[in-house]
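Below: the structure, in structure tokens.
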Amino acid sequence: MEVLIIFLFGLIIGSFLNVVIYRLPRGQSILYPPSTCPNCGQRLKPWHLIPVLSFLLQKGRCAYCGGKISFKYPLVELITAFIFSVVHLKFGLSLLTLKYLLFFIFLIPLFFLDLENFLLPDKLTYPLFLAGVLINLITRELSWKSLIFGVITGFGLLFLLALISRGGMGGGDIKLAAGLGAFLGFPLILETLFLAFFFGGLTGIILLLTKKKARGDMVPFGPFLIGAAFITVLWGEKIIKWYLKIFFL
């Protein structure tokens, strides 16, 4: 029953995150006005906004103008509900669950904004960093040393890479990495960066081989950082133990 409640809560939060993803790139308030159809601008009724269900009942179209509604809307809702459920199953009813639910409330819109718009806005990355610092001070999950080194590692490594690559790494990625470091601490941020570079590099090679991208084409790095953070939250300590067992024991 707990998982079902968390799943439904995730759907509701996912519906709100859709608003964030749509409005932030357009410079619009995420709180006002109420939700409208992206095609005709008509204000939507509460029963038009039921996560996933409204999309299915309306067959993916606006109830007023019949315009097509992107499948991304129910997808974001389902992804949010899935992540919330997985976090709850991992950590149970605990402060850690609240910490990581808040973590992914920031990361999910950042994932889609960077994927679609090459955008990691300060309105999300700065609060992500501050929330990471504050929540770890409250929960005391991380030591001061882990928190500080996590931030320095996340920010420092990507800042250094940006200098070396002369713009190959965006400022938004650097701020995002600092926020990840604030939440995850050290050494989990180091593992996150390694996984992000590994999967990012692998994806880049595949895109080049399939000629979907050419040399010099931009590929958003934020989604790889966020995907790696998800893996680290769930299996980070196990991965570190596995690595140490193979290479040092």
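Glycine too: its Cβ is placed from the backbone N, Cα and C atoms.
Feature annotations, reproduced from TrEMBL:
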{"type": "TRANSMEM", "residues": "6-24", "note": "transmembrane segment"}
{"type": "DOMAIN", "residues": "8-91", "note": "domain 'Prepilin peptidase A24 N-terminal'"}
{"type": "TRANSMEM", "residues": "91-112", "note": "transmembrane segment"}
{"type": "DOMAIN", "residues": "101-205", "note": "domain 'Prepilin type IV endopeptidase peptidase'"}
{"type": "TRANSMEM", "residues": "124-139", "note": "transmembrane segment"}
{"type": "TRANSMEM", "residues": "146-164", "note": "transmembrane segment"}
{"type": "TRANSMEM", "residues": "176-209", "note": "transmembrane segment"}
{"type": "TRANSMEM", "residues": "221-244", "note": "transmembrane segment"}
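Mapped onto DSSP helix, strand and coil, the domain 'Prepilin peptidase A24 N-terminal' (8-91) counts 47 helix, 4 strand, 33 coil. Break the domain 'Prepilin type IV endopeptidase peptidase' (101-205) down by DSSP state and the numbers are 89 helix, 0 strand, 16 coil.
Taken as a whole, the domain 'Prepilin peptidase A24 N-terminal' (8-91) shows an average pLDDT of 88 in this prediction.
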